[in-house]
Amino acid sequence: MMRSHYCGALNRSHVGQTVTLSGWVHRVRNLGRFIFMQIRDREGIVQVFFDEKDEAIFKIASSLRSEACVQIQGEVIARDESQINKEMATGEIEVLVKNVVVYNNADVLPLDFNQNNTEEQRLKYRYLDLRRPEMAEKLKTRAKITSFVRRYMDDNGFLDIETPMLTKATPEGARDYLVPSRVHNGKFYALPQSPQLFKQLLMMSGFDRYYQIVKCFRDEDLRADRQPEFTQIDVETSFLTAEEVRELMENMIHGLWLDRLNVDLGKFPIMTWQEAMQRFGSDKPDLRNPLELVDVADILKDVEFKVFNEPANSADGRVTVLRVPNGASLTRKQIDEYTQFVGIYGAKGLAWAKINNVNAGMEGIQSPVAKFLNEEVFKALIERTNATSGDILFFGADKWQVVTDSMGALRLKVGRDLALTDLSAWKPLWVIDFPMFEKDDEGNLSAMHHPFTSPKNLTPEELAANPVNAVANAYDMVINGYEVGGGSVRIYDPKMQQTVFGILGINEQDQQEKFGFLLDALKFGTPPHAGLAFGLDRLTMLITGTENIRDVIAFPKTTAAACLMTEAPSFANPQALEELGIAVLKKEKAE
């Protein structure tokens, strides 16, 4: 027997028992007569000690380095009261070693387990990084999350059904990862960005409650919470309304937070996309932050200051104010830093006004734009924003999108900088009623979610007549400013689906070429259906309290979509490329 107990499972009830442990040497202290070691496995750490009286095993112990893989046999002993370590779960006991087997000693480590290592070091030697207790704990939590989800889905009548990994390239927003076919020369599979169409086809096949914990792939620019391959908790249902789907999924997340964190999330509030953008400058608002944007275009449309009056009188303009309580204490340097910050989002500047004394008229206001605004205007602004003495007002004035993006980002930054955001709180919500389409810089329409999302209460003819103002029957679950899941009611009428494709500029020939199988399937008694997908990586990131999604994935990629450990991607064998009919062209480096 290689193991009778996990290290972290030992406690006072095991005193007097002989145990067999297998794990790694975590730490060594040589005190001359005794050698103390901490032995670690995935469940925790326990202290063992070697007595010099047993010369043979004492000699072996003297040769062991940190991270050597060993088997320990010994007797569990209660520590003296003065020696109890309350910082360790196993701190009331230790193990007197009677025998030791060295499975493998360890070379000098390329990582220092007691210091912060660089991200590159951690990813290159990921198998060592994952031995660290804090990393092991995150992956254990991830496993428990998936276990909870599977139980919940099984209890609610969902079937776990797998969908293909090698599929057809369809336009879903990001670039596809392509896989060349050897048998069908010149043709390519795509790795799925999501199982979207297959799960809809399963609804058409009569499997009215489907789920899958599935890998998805997107060839897109990465950031801290994105990976080229990621895992979804994918869900689809037939004969359920959007409200019923949201209730089912809310109950699952509510139960998950209770199970993992003992936190009651309460009832999730529901907010429209329009309200979220107006009040918070984001479609995934962080409600832990009490700051809100207040629109003031009607107050500033007649002032003699073009920076304010032009966007205030423009159909695509916006003028808004962010009131920061006690913000009048901000220094000019801090304000300049915020001005630079909003510039990242396209803002040309950041006007501000300090309300030093709300009862002193213009004399109580300090602002570089005060000369353009009279006392009546400031009085209206103070009343609209509920400003009081000691507050500061930040102004955003430009095109609607620029103001919304820049002021929404400023709201988050100020909330964190000034400790206004309650980082200990959990604030979930549903965001609903998204626009069906969004315009790009050239005025072309694209689907805000995906082209299979149903509009809300519109016929195909009504949608075609006014697509810009169409509202999608879509919903996102947001927790603490992160979109953790998103879904919608799907189109189940072939005419509506063709109408949406047409609005997106997909002609009939391309519709048949790319989506002919779907359009055919829609003709044969397709049920109303709706679904949702959660990002498992992001859920785990939130529950474990990490801000880097790579910390909750066993073998993640870098932000350059590379694996430093295996050195993937790598060059392909020339013979394999020849069989595939592929020639690799070298790109000229830009000078």
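The backbone N, Cα and C atoms fix where each Cβ goes, glycine too.
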Among the residue ranges 196-199, 304-307, 504-507, 576-579, I'd like the one that Swiss-Prot describes as region 'Aspartate'. 196-199
Binding-site annotation, Swiss-Prot, ATP: partner of ARG218, ASP219, GLU220, GLN227, GLY535, LEU536, ASP537, ARG538 in GLU162, GLU292, GLU462, GLU483: GLU483
Could you tell me which of these binding-site residues, ARG218, HIS449, ARG490, ARG538, has the greatest number of Cβ atoms within 10 Å of its own Cβ? ARG490
Restricting the comparison to the binding-site residues ARG218, HIS449, ARG490, which residue's C-alpha is spatially nearest the C-alpha of ARG538 (ATP binding site)? ARG218
How far apart, in angstrom, are the most distant Cα atoms among the ATP-binding residues ARG218, ASP219, GLU220, GLN227, GLU483, GLY535, LEU536, ASP537, ARG538? 20
Of GLU220, GLU483, which of the binding-site residues has the most Cβ neighbours inside 10 Å? GLU483
Hey, how far is ARG490 (L-aspartate binding site) from GLU483 (ATP binding site), Cα to Cα, in Å? 20
Euclidean distance between Cα atoms of LEU536 (ATP binding site) and ARG218 (L-aspartate binding site), Å: 15
From the Cα of GLU483 (ATP binding site) across to the Cα of HIS449 (L-aspartate binding site), what is the distance in angstrom? 13
